[in-house]
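Trainee: Okay, handing you the structure first.
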Amino acid sequence: MRLVFLGAPGAGKGTQAKRLVEKYGIPQISTGDLLRAAVAAGTPLGKEAKAYMDRGELVPDKVVLGMVKERLSQNDCKKGFILDGFPRNVAQAEALDKMLSEMNMPLDLALNLDVPFDDLMKRLTGRRTCKSCGQMYNVYYSPSKVEGKCDKCGGELFQRDDDKEETIRKRLEVYRAQTEPLIDYYSKKGILKSVSGTGSIDEIFNSICAILEKK
């Protein structure tokens, strides 16, 4: 089972991917993690990526694809994998398909975790963190008992700058602009499945498993 996991920031991809790893025993491959690990290990691709990052530039697709190829060549990917955070646009999807075809590992499924825009805004802008112990809350879904105070330690709750409304709105708009063509791309290939990302974690997970077990 080889799949790409699509979903906006705040859709809950990380939570669901973790549960899929536990249930099916296939690795979750995050390009962000791959980049950090390659840079830390000082691999040839890591050094190349670091040179771009040090200049404040985006790491080119060919470097990221090289890292993905190295990771997919490892034994734990033989039964399948979950690609998370890549591809982000159609050009990357086409390059990934070409590479996977050459490796004889074509994708089985592109899974889109679909959450309405307003829900994503609440999930992300509603986040609050305790300054003292790091405990997380959400003013809409899981508020603290006393507004602005941590239930665990009484510390002050704050909103991170990157959770402010304007920042989140921009992030979601960029995601939507990039990803709508990607959803169309996988739909035309006949491998796209969408799952509603609203409901309990268990309900969403059961919907995903029902799709995977039909494959």
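For all residues, glycine too, the Cβ spot is worked out from N, Cα and C.
OK, Swiss-Prot features for this one:
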| type | residues | note |
| --- | --- | --- |
| BINDING | Gly10, Ala11, Gly12, Lys13, Gly14, Thr15, Arg127, Gly199 | ATP binding site |
| REGION | 30-59 | region 'NMP' |
| BINDING | Thr31, Arg36, Glu57, Leu58, Val59, Gly85, Phe86, Pro87, Arg88, Gln92, Arg160, Arg171 | AMP binding site |
| REGION | 126-163 | region 'LID' |
| BINDING | Cys130, Cys133, Cys150, Cys153 | Zn(2+) binding site |
Trainee: Under 8 Å Cβ-Cβ from Ala11 (ATP binding site), six or more apart in the same chain: what's there?
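Mentor: Looking at Cβ-Cβ distances below 8 Å from Ala11 (ATP binding site), excluding near sequence neighbours, one finds Leu113, Asp114, Val115, Leu120, Gly197.
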Trainee: I want the residues beyond Cys130, Cys133, Cys150, Cys153 whose C-beta is within 8 angstroms of the mean position of the Zn(2+) site's C-beta atoms, in chain order.
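Mentor: The answer, listed by sequence position, is Lys131, Ser132, Gly134, Gln135, Asp151, Lys152, Gly154, Gly155, Leu157.
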Trainee: Who sits close to Lys13 (ATP binding site): which same-chain residues at least 6 apart have their Cβ under 8 Å from its Cβ?
Mentor: Phe5, Gly7, Asp84, Leu113
Trainee: Pick from Gly10, Gly12, Gly14: which of these binding-site residues has the biggest number of other Cβ atoms within 10 Å of its Cβ?
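Mentor: It comes out as Gly10.
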Trainee: Pick from Thr15, Thr31: which of these binding-site residues has the biggest number of other Cβ atoms within 10 Å of its Cβ?
Mentor: Thr31
Trainee: Out of these binding-site residues, Val59, Cys133, Cys150, which one has the fewest other C-beta atoms within 10 Å of its own C-beta?
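Mentor: Taking Val59, Cys133, Cys150 as the binding-site residues, the minimal 10 Å Cβ count falls on Cys133.
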Trainee: Please report how many Å separate the Cα atom of Cys133 (Zn(2+) binding site) from that of Arg127 (ATP binding site), as a whole number.
Mentor: 15
Trainee: Once the chains shown are all counted, how many other Cβ atoms turn up within 10 Å of the Cβ of Cys153 (Zn(2+) binding site)?
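Mentor: Cys153 (Zn(2+) binding site) is surrounded by 12 other Cβ atoms within 10 Å.
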Trainee: When DSSP states are grouped into helix, strand and coil, how many residues of the region 'NMP' (30-59) land in each?
Mentor: 22 helix, 1 strand, 7 coil
Trainee: At a 10 A cut-off on CB-CB distances, which of the binding-site residues Arg88, Arg160, Gly199 has the highest count?
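Mentor: Of the binding-site residues Arg88, Arg160, Gly199, the most buried by Cβ count within 10 Å is Arg88.
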Trainee: If you measure from the Cα of Cys150 (Zn(2+) binding site), which of the binding-site residues Gly10, Gly12, Gly14, Thr31, Arg160 is the nearest?
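Mentor: Closest by Cα distance to Cys150 (Zn(2+) binding site) among the binding-site residues Gly10, Gly12, Gly14, Thr31, Arg160: Arg160.
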Trainee: Which whole-number value in Å describes the distance between the Cα atoms of Cys153 (Zn(2+) binding site) and Arg127 (ATP binding site)?
Mentor: 18
